[in-house]
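Student: The structure that follows is given in the form of structure tokens.
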Amino acid sequence: MAAGERAEEPLAELSHYVVARPIYSEAGFQEENERRTPLPPTLRERAQAACRCSRKRAFQIAKSFLPILEWLPNYRVKEWLISDVISGVSTGLVATLQGLAYALLVAVPVGYGLYSAFFPILTYFFLGTSRHISVGPFPVVSLMVGSVVLSMAPDDNFLIDGSNATGTNGTGTLIDTESRDAQRVLIASTLTFLVGILQVIFGVLQIGFIVRYLADPLVGGFTTAAAFQVLVSQLKIVLNVSTKNYNGVLSIIYTLIETFEKIGTTNIADLIAGLLTIFVCMVVKEINDRFKHKIPIPIPIEVIVTIVATGISYAADLEKKYNAGIVKSIPRGFLPPEPPDVSLFSQMIAASFSIAIVAYAIAVSVGKVYATKYDYAIDGNQEFIAFGFSNIFSGAFSCFVATTALSRTAVQESTGGKTQVAGIISAGIVLISIVALGKLLEPLQKSVLAAVVIANLKGMFMQVFDVPRLWRQNKVDAMIWVFTCVASIILGLDLGLLAGLLFGLLTVVLRVVEPEGVKILKFSSPIFYANIDGLKSSLKSTVGFDAVKVYNKRLKALRKIQKLIKKGKLKATKNGIISEPGINNEAFETDEDPEDNEDLQVPTKEVEIQVDWNSELPVKVNIPKVPIHSLILDFGAVTFLDIVAVRSIKTIIREFERIDVRVYFASYQDNLISQLERSAFFDDIVRKDIFFLTVHDAVLYIRNQMTYSDNQDPIFEKLEVAFGPLYLIVAEGVPFDASVILLLEPLYTF
């Protein structure tokens, strides 16, 4: 090619491609393509396969349940050990402080935060699939646990006479703090145990996919709202202002109002210590971020501030001189394991479900980031099992729910952590704090711990700047973010998360562009006896009417019109139903009028008529409008149907067919047809030609059918009327249904 000569453009016909194929229903596809059904193994073969075992297979099963067997034998001691030790020590120091701080969110004595930073790591080390996350408390999850604790064990439940008091709430009312704290610890550990059970169940049932429904905008809005909730809960600790413990809807507003009403009682020593801690921590964290490529190890500012603040508090005796709120007591050593209070399960089951999902979603989201960065995979279902057993184990030792913290995980990774060996070393540092160093932290002001929590919220608050970007990219995603955030602030974290999830799913439905007259409904789970009622409710809300009610109302209208025609007050023609001239039109009789059995003995004749059920009828029967002619059920994610579901779906098809709404199925899995055949689903009415390979196939088929029907002459039903000028009223384009004939059998002969 000569210099400067342009390269030839690719041929136009090679720059794109077109795929053409027929519209495939199940019946049409099977007609063109022979299905070869593999011979199922015999019972003996299945038993032999299940019982056969080899060393290789046993090791594979063991590795799937204990991922440590996969990565530990490949551990590079010379390359990784030093890095893991340095990372583990750094992370352990941060974990110790954060454990103390996050215990304030759970409303339990701070010493129990150390247990929560220690025990979960021991189990996750063997069961977890992420090599980089730091397991332990997280502010959002800790606050959700604290909401349950405060709602089930409020201060008002522990009011006592002054002679028996072990503490006060700062307003003159005496509270038995020992009993209160013991009950709160029991509630928190029982909740942790229940969360662990749910997570193990989710993992065993292989439903790790549930986290897919927590979209990034939803998680962003939720965690930002949680950060605001955490800020408000810690504000009163920084100010050392005593308020009631509010929970539920608008609790954050009530807490803010009471906090500012009592702001005059602020402890200046605690306020100054808290503000200085927030300022110093945020400045140093900014330095760590700006110069992370030049600083080999991030400055552990939380640890430094804690040591300095503890020394100042001890030297200046801030508790006695300025009435500062200090930690006071951190137990040394471990408590014996305690069983959960099973009687409390019923009161916390709803909250434990949302906590289990949120804790898992946070951990998996963080784990996937580092797994992608370092080119390895994490198993979502195994993570459910790992965190489940970690929470069951730690719940027996008076801990609260564990997940991972973004800042702590960042420290573990940025300081060179390669595997969970760094995690187990960080647990060793926490162990030293529990056994030996806890007493040294007793003079520490609680406002400093609260300030450390607030300083760690910066990353979550910065998510607010995602909203303008989301608005430019996708306005619906921005609305999900804002709605979830506002709902979580106003309603509380558990109800807010549920509201955000429902809103997000609703926007998915609204963003689906449906052809006129067609509704598409997607199911994302197996359908069986436990959720079939929910399916029916979703179906009614999606289409906007009740098919059975519509059918019954149409029958009632037919009977009313038939009666009025017999009485000569209405006349039926090809153009519809009209009133006889000169006759008082009593067609608009109420539904409650008694039936008139008078036989008018008028000669029989045949007539062709049509009725549009969506137009006004000359009878006072309120017939719901049916704005659709086709319903597509997207079964792409339906893995199985039980016999109850099969019968119910067949009933649904018949109910819609009676009111001239055709039901189609699309994107079904291959084994579903076999299940339906075994359940005697198909017959002369329900055939395989209503099943289509894709939703697009179904939509194209419906469009073709509607185009064909629009080009045909209207179809009229001809019937001999037995009782004089009695005329059958038929919906436009709808063949008369056999079930209607049976119900009206005494009135007609054919």
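Heads up, the Cβ atoms here are built off N, Cα and C, so glycines get one too.
All annotation found in TrEMBL is predicted automatically rather than curated by experts.
Below are the features I grabbed from TrEMBL:
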type	residues	note
TRANSMEM	100-127	transmembrane segment
TRANSMEM	186-211	transmembrane segment
TRANSMEM	268-285	transmembrane segment
TRANSMEM	297-316	transmembrane segment
TRANSMEM	344-363	transmembrane segment
TRANSMEM	384-406	transmembrane segment
TRANSMEM	421-441	transmembrane segment
TRANSMEM	448-465	transmembrane segment
TRANSMEM	480-513	transmembrane segment
DOMAIN	508-702	domain 'STAS'
Student: Quickly jot the same-chain residues contacting the transmembrane segment (421-441) by Cβ under 8 Å, restricted to those at least six beyond its ends, or write none.
Tutor: 75, 80-81, 83-85, 87-89, 91-93, 95-96, 99-100, 111, 114-115, 117-118, 121-122, 124-125, 133-135, 306, 310, 327, 330-334, 412
Student: With a Cβ cut-off under 8 Å, give me the same-chain residues at least six positions beyond the ends of the transmembrane segment (448-465) that come close to it.
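Tutor: Distal contacts: 97-98, 100-102, 104-105, 110, 139, 220, 223-224, 226-228, 230-231, 234-235, 237-238, 273-278, 281-282, 285, 302, 305-306, 309, 327, 405-407.
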Student: In the same chain, which residue numbers or ranges, 6 or more beyond the ends of the transmembrane segment (344-363), come under 8 angstroms Cβ to Cβ?
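Tutor: Long-range Cβ neighbours of the transmembrane segment (344-363): 130, 133, 135, 138, 140-141, 144-145, 147-148, 152, 187, 190-191, 194-195, 198-199, 202, 210-211, 214, 219, 222, 383-384, 387, 401-404, 493-494, 497-498.
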Student: Which of 100-127, 186-211, 268-285, 297-316, 480-513 shares the most C-beta pairs under 8 angstroms with the transmembrane segment (384-406)?
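Tutor: It is 186-211, which has the most Cβ pairs under 8 Å.
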Student: Please figure out which one of 186-211, 297-316, 480-513 racks up the most CB pairs under 8 Å against the transmembrane segment (100-127).
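Tutor: That would be 186-211.
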Student: Give the nonlocal contacts of the transmembrane segment (480-513) in its own chain as ranges (CB under 8 Å, at least six residues past its ends).
Tutor: 140, 143-144, 147, 213-215, 217-218, 220-222, 224-226, 228-229, 247-253, 350-351, 354-355, 358, 466-467, 470, 520, 542
